[in-house]
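Written out below as structure tokens is the structure these notes cover.
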Amino acid sequence: VIFALVLGNASPVQSVAITATAVATAIGAASQIISAGTSLASTILSGLAASGYRVTCAIQVENWTRYPLIYATVQINRNAAVTVSPSSILPGKREGFSVRMPNGLAEGVYGTVSWELLGIKRRFVLMWSAPFNFNHFSNWMGVGLTRPGITKVPSGMTWFNKMYYDKTGRVGNLHFERGEFYYETNPVIYRDSKFEIEGTMTNIHNA
């Protein structure tokens, strides 16, 4: 399971580390403000995941900004499947979607999902990798934003390859932070002068 929070008006000079406990506290407080959107109105996040598959991934995003997140775009590995499609996320709402491994193949599921911030001309991008074999691979997740004015989604797995393989996340049109979720599940946090994105991922196959 992946949880991501998109917040507005964060300050890059706030250098105090945000711990998993602090994030949990913030999520608890936000539960009084953030409400379920259409996709989660009648189910919990884990209820979106496909049953009968070794590797699935259910993703929830909470929009703490005043900007609607629109034009959701998913790009995943070949033969994997989107079992519940992502939707637009209004301010003050949380929405979820799910993906699964390819049918009949010993492969995991990986890719990116992104939304445009209405009126800002930027895209919020979330990358995940949920492997089939934990002997050689781990769960990974990354979160970031495109530079102002960049809303076009590149073809194929361009953003996934950048967020999974690049050693630095502060060059080019997409800036991001990423983390490995194996021994620990501490949150990944991306900040710039306007926004802050926090995300965490479980370290199991049904992520």
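Glycine is treated like the rest: Cβ placed from N, Cα and C.
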Please identify which of GLY104, GLY111, GLY149 is recorded by Swiss-Prot as part of the phosphocholine site containing SER129, PRO131, TYR164, TYR165. GLY111
Between 15-34, 35-54, 55-74, I'd like to know which one Swiss-Prot lists as region 'N-terminal region'. 35-54
Non-site residues, in chain order, whose CB comes within 8 A of the mean position of the CB atoms of GLY111, SER129, PRO131, TYR164, TYR165 at phosphocholine: TYR110, MET127, TRP128, TRP140, PHE160, MET163
Span of the phosphocholine site, taken as the largest CA to CA distance across GLY111, SER129, PRO131, TYR164, TYR165 (Å, rounded to a whole number): 15
For the binding-site residues TYR164, TYR165, which Cβ has the most other Cβ atoms within 10 Å, all shown protein chains included? TYR164
The answer, for which of the binding-site residues GLY111, SER129, PRO131 has its Cβ ringed by the most other Cβ atoms inside 10 Å, is SER129
Using DSSP, how many residues of the region 'N-terminal region' (35-54) fall into helix, strand and coil, respectively? 7 helix, 2 strand, 11 coil
